[in-house]
Amino acid sequence: MKLSLGFLGIAASIAYVQAAPASHSGLAAAPIAVPKTQSFPVQINPNFSRSAKASVFKTVNKYKKFVQADGHKATVLASTGSVNMTDVQNDVEYYGIVKVGTPPQSFKLDFDTGSSDLWFASTLCTTTCTGKSKYDSSKSSTYKKDGRAWSIEYGDGSTSSGVLATDNVNLGGFLIKGQTIELAKTISSSFTSDPIDGLLGLAFDTITDVAGIKTPMDNLISQKLISTPEFGVFLGKESNGGGGEYIFGGYDKTKFKGSLKSVPVNKSQGFWEIKVASSKAGSKSVSSSFNAIIDTGTTLLLLTNAVAKKVAAAYGATDNGDGTYNINCDASKLSPLSFKINGATYSVPAEDLIFEKDGNTCVAGFGYGDLPFAILGDVFIKNNYVVFSQTSSPTVKLAPIA
């Protein structure tokens, strides 16, 4: 669910998450079997603005449609090639270059574990895609027409729509054949201010806009391009130099401390949803258990209303009435916010509880929305390494970053 402040204007007011729009409608040497992996280093782009309010608004509307009304070197062995990624405006969103077609055409895509569609601007988009790299089907020998329509409605009321097709997709050196792609014919005008050309969804295939589509991760597995059905995510931040990486088929042991702890995932709604047992602000308990979705496409921590009120009270934060809070600008006067998940504790340090500064006012790295679950966005992920394991009984594996 890309709820990032930048994407598509990240809706006028939602928690820095790239809106994963709400939709309508290698080889290892024998004899040792080694997982094939792919890494995606990340770089920083300082030329993009932040907005906690926009991030919260976008994220809430992204998920609303799904709510019912009632060191050692990483084991990155076998693959050849990596994809550099960009950290936009100090952690607002992260994108990587994905190549599509034959010969390949390159696109900046927001990698989003909160949505499942792969879409980008195309030459069919003649008016609203100014400044975007556009996929040209006439220039790809492996393009195949599908023709079915897709349409995604964003939290700010804007839309993105187009038609389906198939083509080969190069994801970090892995050539996925016959991947279904969504070619945009129209996009939100607010999208033009965002540096990305589209979105690469990494949630489950049950929430694709058009039913029955296989996601890129599905195809990496079914086409046996990776031998381990997982991908590891490290998101950098200002304090550690930015950067980051996605590794498909494995994970990077140098990026976290201790050992990874496995957490069961409830995929019934199509998301990477887990159970958080409790949370604390410093040593003060602020909540009992709640469900949460781990979403790389959301910038902030978006908590349920009840949990957010208690967290805000613990930090003396004031409610802005728009899903965001103002918080003390002095990190030395704040304590870490921690979450107990399947017996282990994962924290967000005080400095990352301050997201946006405007003069003498600071906006918190957490917010709230009228949702029955929380969203653990980039504020959480850039402090905790995450491995998403897409097995028949999916899990996420977590460890604090090194």
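A Cβ is built for glycine as well, from the same backbone N, Cα and C atoms used for every other residue.
Copied from TrEMBL, the annotated features are:
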ACT_SITE  D112  active site
ACT_SITE  D295  active site
DISULFID  C125-C129  disulfide bond
DISULFID  C329-C362  disulfide bond
DOMAIN    94-399  domain 'Peptidase A1'
SIGNAL    1-19  signal peptide
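Distribution of TrEMBL features across the structure.
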residue : record         : DSSP class
D112    : active site    : strand
C125    : disulfide bond : coil
D295    : active site    : coil
C329    : disulfide bond : coil
C362    : disulfide bond : strand
Spatially speaking, which of the recorded positions C125, C129, D295, C329, C362 is closest to D112 (active site)? Use C-alpha to C-alpha, please. D295
Integer Å value for the Cα distance linking C125 (disulfide bond) with C362 (disulfide bond) is 39
Whole-number mean of pLDDT values that fall within the domain 'Peptidase A1' (94-399): 94
Here the Cα-Cα span from C129 (disulfide bond) to D295 (active site), rounded to a whole number of angstrom, reaches 26
Just to confirm: which same-chain residues, 6+ apart in sequence, have a Cβ under 8 Å from the Cβ of C362 (disulfide bond)? N326, I327, N328, C329, I354, F355, E356
Smallest number of other CB atoms within 10 Å: among the disulfide-bonded residues C125, C129, C329, that is C329
